[in-house]
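Have a look at the structure below before the remarks.
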Ligand SMILES: Nc1ncnc2c1ncn2[C@@H]1O[C@H](COP(=O)(O)OP(=O)(O)OP(=O)(O)O)[C@@H](O)[C@H]1O
């Protein structure tokens, strides 16, 4: 397979010619750097005059500049000469040609854009054809010792779709296709031997080329000129042959027929040029789009260029443009073409021709090479033997001086491979076992989390309508997890057994090594291997913990959402209860709990801090439960190592004998410690996680009174919620009124609400509540609820024992509640029995109350533990203040 390469595209901007300078045309190309240009940039001098006066506003008749930034492989500005183009663009192609690749260069552009100048140049400034050929001959000269070259050139033109030979002025010639591509029938190549010979031939060809003056160019070429160099190279040593082709194509101007103002023959000429260039454009577009069918056959030009565009060729396109706005459209089209051509990919193959080298020669060559290989092999063997002998001599010398015998390399290798094999088995079993264990724990965790979601669902369900389906779904997935765990249990046991067996074999090998002569040496090797195993183990554990962490992170995100919603609900309910006079000490206590949790999450706490411990108990986080999830243990009843201490037994022991200063006890202790270090820890027995989801038994105990008339009283019949019990003994003095209030405010059998009735200061009464019930999951769920802004700080202050919360509702306040202004006062009992406010209005009222509280000491709020003092208004709303002002 050949390499695939994009067509390289260079853009050359020629200098403004005399005509353009005279007409003082605008410059439509700005070369930004050696690969980028801007088409139709803003003019530097963008001034607009009207009736000789410079206008401050823009000339609205002016076309908006395109300001297109375009990128190519190379961009040359007006300063660049042909030498520069050759150095950057075609010199590298010569090397490719010498390597056996076909190469093509074609110049494209409108008439007078500088195509012929680029290709042929003039006497002072030679074109790239000459320069490239010069380089080609230079390289041929340098390679002449190893290769034989034959060079033949052809110079053709395609004029009005006819192929003519420019060197012999004959034609038209026919095109035909064979296995090597499109060939021109009857074309005879002209052999040349140096670049100077070429100059004459090019001059001759150009004389024969069809040229006619046009408006745009006095020497306009009206045909496509194709200059080709055919090179045959033969490798002198191998006889390998290559034939390569370098094509340099000077296309006719791509301008619109109208711009040349041709009539008659010129018009036909222009139409044919346009036809072939249109066909070329179609091919470029289709190739750029990667289409399979390319219409090369639409014109002779595209047939000849077939190989250069989409075949086995390294292709360079040089798009020539004039910077003048006179050729605005032509330049724009050329640049667009160039951009499209940049996308074309061609495939490159070296052109190697099967040789006719005699078989005997090849056999001789193969035999020679085989003999050389044998000789080199023998030499290598010799050198290896010498090395082994040298190592053995050094070892012998060492053992003679130290008394320590160096083992042979072969023996060491045998041991090493046995150890490696043993550890490889351990490693494999360990990997499987730990991965399965991790999988099991993750499944257990997921199952546990699902159970948690299930219990949350049961609590937060509104009507139980979708609950059963949700619960069924959750339980199905829990079941699925459990089944997976059960399924992989067998596999895990199998791997646990293999792991154990592998460790037993390893242990046996260790024993063997311990009793061998190489114990010291191999002991180090074993320790290195042990470290590998340990590192692997740590890696598995790390991966496991990371997975767990990811799961928890996801879970936390869900919980955060629930928390945020719950916090809002709790806040609203709290304010509602407060406005209804139903806040009790138990609720406040829970609020305090929440606030404490919140403090915990924000600040740094020490583990021995009492609050911290209390809190950990509250949220039920225990070290063991976490350990159960995150810890991966070794197999159960793994055999305890028995005298594995290679270092102590074999190496250190010897050293210790020398070290007289060390006491016997210390040595013993160190040995014990070391043994402990080497021991594989006996793992804790695997404790399967409890997969049973805690089912929450919920029983309806209250019917909740909703704050608005439209909302119906909802009775949850399936699940248990905290039970509200009112525990305030009625005062005998106001028993009658209290009874009245109680009757009107109680709407459920389980919920009772008693009021002390109006006191001597005109209050309706003080109500105290407490909530009895199981400490259930809800309390921990709402642990992050922010209540600080709604509850006075001293209420929630740590250590402030809230035994009773007394809230007093003022009769006046109720009578002149915002809704009742201007209406007849609502009966007291009705007001008491039906909360007259929505959650939102409660929040508003509360804000007002806060504002009132900060404004002055006159506004007061319910203070726990100070119920006796709080006998007047619990809050002071705007409307109430308004009414008081009216009265004044
Ligand atoms: N880079 C350049 N520097 C100086 N002169 C240039 C350059 N490019 C072109 N010219 C001059 O501009 C004129 C037109 O150039 P040229 O004949 O190469 O255009 P062309 O693209 O081949 O036109 P056509 O398609 O009509 O043959 C010539 O006189 C040429 O010398």
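Any Cβ shown, glycine's included, is placed from N, Cα and C.
Here is what TrEMBL says about this protein:
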type: BINDING; residues: 109, 110, 111, 112, 113, 114, 115, 116; note: ATP binding site
type: COILED; residues: 359-400; note: coiled coil
type: COILED; residues: 464-516; note: coiled coil
type: REGION; residues: 658-768; note: region 'Disordered'
type: COMPBIAS; residues: 664-682; note: compositional bias 'Basic and acidic residues'
type: COMPBIAS; residues: 692-704; note: compositional bias 'Polar residues'
type: COMPBIAS; residues: 708-720; note: compositional bias 'Low complexity'
type: COMPBIAS; residues: 743-755; note: compositional bias 'Low complexity'
type: REGION; residues: 813-837; note: region 'Disordered'
type: COMPBIAS; residues: 851-868; note: compositional bias 'Low complexity'
type: REGION; residues: 851-888; note: region 'Disordered'
type: COMPBIAS; residues: 878-888; note: compositional bias 'Basic and acidic residues'
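In the vicinity of ligand 1, defined as a Cβ distance under 6 Å, the following of the binding-site residues 110, 111, 112, 113, 114, 115 are placed: 111, 112, 113, 114, 115. Cβ neighbour density within 10 Å is lowest for 114 among the binding-site residues 112, 114.
Each of the binding-site residues 110, 113 was scored by other CB atoms within 10 A of its CB, and the lowest score goes to 110. Secondary structure from DSSP puts residue 112 (ATP binding site) in coil. Using a 10 Å radius centred on the Cβ of residue 115 (ATP binding site) and all shown protein chains, the other Cβ atoms total 28. Summed and averaged per residue, pLDDT over the coiled coil (464-516) gives 86.
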